[in-house]
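Participant: Quick paste from TrEMBL:
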REGION    1-36  region 'Disordered'
COMPBIAS  1-14  compositional bias 'Basic and acidic residues'
COMPBIAS  21-32  compositional bias 'Low complexity'
REPEAT    131-173  repeat 'WD'
REPEAT    174-207  repeat 'WD'
DOMAIN    387-528  domain 'U3 small nucleolar RNA-associated protein 15 C-terminal'
Amino acid sequence: MEEELRVRLNDHQPSKIFPVKPKSTPKTLSKPETPDSRYWSSFKPHSIPNLVSSISAVAFSPIHPHSFAVAHSTTVSLFSSNTLTASRRFSFKDVVSSVSFRSDGALLAASDLSGTVQVFDVKERMALRSLRSHKAAARFVKYPVHDKLHLVSGGDDGVVKYWDVAGGTVISDLIGHKDYVRCGDCSPVNDSMFATGSYDHTIKVWDARVGNSKWIAEINHGAPVEDIVYLPSGGMIATAGLNSVKVWDLIGGGRMVCSMESHNKTVTCLSVGRMGLEGENRIVSCSLDGYMKVFDYGRGKVTYSMRFPAPLMSVGISPDSSVRVVGGSNGMVFAGKKKKNKARDEEEKKKASVMTSFWSVKSEVDESRRRALRPSYFRYFQRGQSEKPSKDDYLVKESKGVKLTRHDKLLKKFRHKEALVSVLEEKKPADVVAVMEELVARRKIVKCVSNLEEGELGLLLGFLQRYCTVERYSKLLMALTKKVLETRGEEINGKEEFKGILRNLKREVNQEIKIQQSLLEIQGVIAPLMRIAGR
């Protein structure tokens, strides 16, 4: 039976053959490498731990080597971009909320939750100004891109303030927001324009030149605004609120260009980064979900994403795109430094050498002469200085720089008392009065007088005794003499060496009063005669 069945199966011929397709191999989940992912992943990670508290703000200096300031708790730490180590620290009385560098990198402004805005000298580590006008916590402070004399700040009192830093006064209070003002940024093309964001869901654009303190544009983000940043063109801004980042066209009347909603939690900070020195600009955002995302606003898509082990509070990219700094809520700074590609650098050097050799003009000048004309040699800058002018040449005389006196240098450094003592020792009345007028304008004259020591106070009283009755200086010096006697009267009366000065001062004042009375009598005699002559 089995043999018959086997024979039948062998004799059976299939009528049709159906080809079977092989199963397709499973595709890999890894995404292809893009220029954006290649660039942003080339930053070598470096963590800076033990900064006590959440990193509330990060700011880069616009001047090379682009050191960066990190705000954490009641401290602002200054780090080197080359070594990523702390070089200086600035202390505050309350938690620091925002930091900003001036355009020359010499000054650093910071705001804290007590409502105070302070300005520091970066090199001297000295507080130059303490600006107090906010009635609640100050949440942001910004220096305009090229303006060195003004500041913009905003806070939980809902007021945006435009400051005169030199005078320490508020130029204008910009009122328009109905809730906390949490962020702001200044236009990169116009120092008088800036935008602010608030928890009332609006972004307002201001112009400091407008007299009625009214905003010139208003945009509704649709959620409490956490951060705002101007794009390099100056005509567009990016705003962050809840889990969305939106780009707006200011020139087009506040039209929304695109929106990104790839974060799962609130977006806390925005920054603008550039892919290399000549690459395209990207919006970099960080969020409480621990992700940093790179947004190409030209194509309206996310091009790179990176996860960190903590909620993120702040982010910053250096102006030369060589350092990336991200601040976490756990007190860690996740810094990244651009890796140097030696092969790519050698290729660029070869290309540059080929181009220079292609465009260089062939001449019969020997090698030593050509080397002397290179800009890397000192003789390159000395060439032509020994040649004499011809008859047809027009001579332009170089103006010599003004040499500042000692008291002017001290005034530039805001050392007011030392400037006053220095000019009193020079015994030049015109210079002394000029310095006093400057101190009056800065509202520091009373403080200087109250801080003078015994010998310095004798210099001041001797000067007032000699020149207070001089007509050119009497208006200022008489008022100052009265102020000195009111503030330092007890010390002056108790010293023997001041009695002679006070006696002479009293005699000069009495003599001046008699002269003025005589002049008034003469005026009373002449006035009727002048009226008769006029008739």
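Including glycine, each Cβ sits where the backbone N, Cα and C put it.
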Participant: Across the repeat 'WD' (174-207), what are the DSSP residue counts per state (helix, strand, coil)?
Facilitator: 0 helix, 20 strand, 14 coil
Participant: Tally of helix, strand and coil residues over the repeat 'WD' (131-173) according to DSSP?
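Facilitator: So the counts come to 0 helix, 24 strand, 19 coil.
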Participant: Using DSSP, what is the helix/strand/coil residue split across the domain 'U3 small nucleolar RNA-associated protein 15 C-terminal' (387-528)?
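Facilitator: Helix, strand and coil residues of the domain 'U3 small nucleolar RNA-associated protein 15 C-terminal' (387-528) number 101 helix, 0 strand, 41 coil.
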